[in-house]
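**Q** Sharing a structure below in structure tokens format, with a few things to ask.
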Amino acid sequence: MNFKYIFAVSFLIASAYARSVQNDEQSLSQRDVLEEESLREIRGIGGVLLSAGKAALKGLAKVLAEKYANGKRTAEEHEVMKRLEAVMRDLDSLDHPEEASERETRGFNQDEIAKEKRILGPVLGLVGNALGGLIKKIG
């Protein structure tokens, strides 16, 4: 007889535990859904703010570029223009990241080629002069 009571109490405890686990899972899934919806809303608002900020920065950069494009520039103004161009490239890279990385790679390669030309140009000139002098002495 004690066995029946122990079994009944164990069954009640197990079913109560199963219901509490099920309720916990449901509340967690509802919480996850709410969090996901909140994140979507935040991302949407963030996207709108980001695009508005990009548009404002592009407009400001264009106005400043037009201002500095007309007339002579001081070295400081030239530096400002370089920074504005860099900002414009960065803003464009947010819109098209693949193209921006390709442009950056091309720009880096062109810079490297220019450095090599600056270094190799005088060296090749000296080598050419030395070979020319040797040929004159031999000939």
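Each Cβ is built from the backbone N, Cα and C atoms, and glycine gets one as well.
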**Q** Here are some residues: N70, N129. Which is flagged as asparagine amide in Swiss-Prot?
**A** N70
**Q** Non-local Cβ contacts of I138 (isoleucine amide) (under 8 Å, 6 or more apart, same chain)?
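**A** Correct list: empty, so none.
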